[in-house]
Amino acid sequence: MFLTLLGFVRNKIWLAFLLCIAPIIIYIWVFQSIALNVNYVAFDDILVFGIIPEFEKATWPERWQLLTTLFPEHRLVISRSVILLFYDIFGHVNLVWLMIVANICWGLCAFIFYKAFQKLHLSIWYFVPVMWLWFNIQSYENIFWGVSSLCNFGVILFVLSALYFAAYHPKRVFVSLIFAVAATFTYGNGLMVFPVIALMYLITGRRNQFFTTVLFTAFVALIYFLDFTPITQNLSFSDPQQVKEGFFGLFGFIGSIATVSAYSIPLSAMYIASAFGMLLVIAFIFLYQKQILPLWHAAWLKSKYTNRTAIFALAILIFIGITTLALTYKRIPTDTFAGMFKGRYRMYSTMCCIALYFAFLSLKSHHTRLRLSPVFLILAIVLNMVILHGNFAEAVNYRRSAVTQEFNARYNADWLGIRMFSMDQKHFEKIRAYYNSTDPLAEGWNPKADIAGMTCDSIYTPDLITQSGDYLAINFEQDFFKPVKDYTDGAYVILKSKDHVYTTPPNQSAVPLRTTIRRGMYFNKGAFANFHRATIEPGNYSIFLMIRKNGQNKIYCTGKTWNEID
């Protein structure tokens, strides 16, 4: 019966196209639901936007220096150029525009995969798993983080473009090298695509292209490292703890898609991801074990290696491997093992799975493909849906955190968040004027007014106020705070003293997947607020609850206070 069903479905090409489009529709829906013109995650965007006022008054040599200035060890020429282009055309830069450009880059990566897939001359059904894998939202941090979106998604687009031309159009070496230059000046690891391209030409016996790439690589590297000053520590091989964390972190980075959630991951799940990363490496060895000799003969011009899709997949895997090794070496000392699982890194694990899938399609027999492809299709769809369920709530919390972060920066001149990035409130407001974000949490009241001037709708008593480690936790656990207008709606906790006013978002979690399936629910009951105490200046604070519903703010007194001591 199952085989009969497969035979029936296999001939429905329209259904395959529909299944290819479905994850794109879901991805776009998530994007339009959560994307907001607000500075996400720390103040990196604010620092990069600092080029706008300086660029206008600079000479041309100074402009090149501004474009190539290290941040922190990357030369963000492409991202800065996009920002300046938008500002020159429109007079301001909406951060959502940057997100849109970045996510178009992400979509174009899928187009490159499709162009590579076409070379296999297989049914479109075999491409469906690629779409469901690629358009998962596990890397939501990049989807909604303006400048970082451009960097992380842009570099992948340029890398894949460079590898595609090197694999399928090897005579057009300079097209591949131009994309490699774009990758290099989009994000630091883009430079690593040059040795991969050189290796591709070497193992396919293309000597002229190989030497051209080597010379071009040396020239670009000379420019890139001209005034390069490393600022991060490196992994110490004499430290057993760092070596252990580096070993498991390396495989965890590769297999991080297995954690499902991008953040709030238990340690056990991280080690499971490390084990999955090891399985991916084993799969790579298994797939390419019989290709070593043909590639060796091709490198020495004894024969030609004609499986270009296998070369394309191999190149992607080597690039991911170099990126993984470099990141492990640079980040383990500061970020430790857990730091290898940041949401902004998750796309590399997805890329690894897709590259291995392309290797499978190009190297295995028709019978093996036919037998295993339905399994891969079902796994890809289920994984996409599970990742969507596990990360959508976190992405909503991410948006709300960005809103509260800007509020705290605007109404507290000495807020730790801006001091950590060596800026003051005046500079923050100057840069904020370039992207002109709204201030939704300040609507309907004056955050700078005295406590006596605060008007409360009624009393709303919290269920818990406690200090938990470095955090002040304030919970309202009895009600559902459902968004109505958009996902800025929610229950925000306010701490207000004579001189300061702070807000924090309502961290909401998703109900278990089985509850979502059974009852159609998604968000769990309650609002759980956490203030990091280092960001709260000493003083006696009154606690308020602000419920934003349908775009309208209502403030509730709690009758509770908190005394923050130095």
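Glycine residues also receive a Cβ, built from the backbone N, Cα and C atoms like all the rest.
What TrEMBL lists as transmembrane segment is 12-30, 95-113, 120-137, 143-166, 173-203, 209-226, 247-265, 271-288, 309-329, 345-363, 375-392.
Touching of the transmembrane segment (120-137) and the transmembrane segment (173-203) is ruled out by the presence of fewer than three CB pairs under 8 A, sequence neighbours closer than 6 excluded. The transmembrane segment (12-30) and the transmembrane segment (375-392) are in contact, since at least 3 Cβ pairs between them lie under 8 Å (pairs 6 or more apart in sequence). Contact counts against the transmembrane segment (271-288), taken as Cβ pairs under 8 Å, peak for 345-363 among the stretches 143-166, 209-226, 309-329, 345-363. Per-stretch counts of Cβ pairs under 8 Å to the transmembrane segment (309-329) identify 345-363 as the leading one among 143-166, 209-226, 345-363.
Of the recorded ranges 143-166, 173-203, 209-226, the transmembrane segment (345-363) has the largest number of C-beta contacts under 8 angstroms with 143-166.
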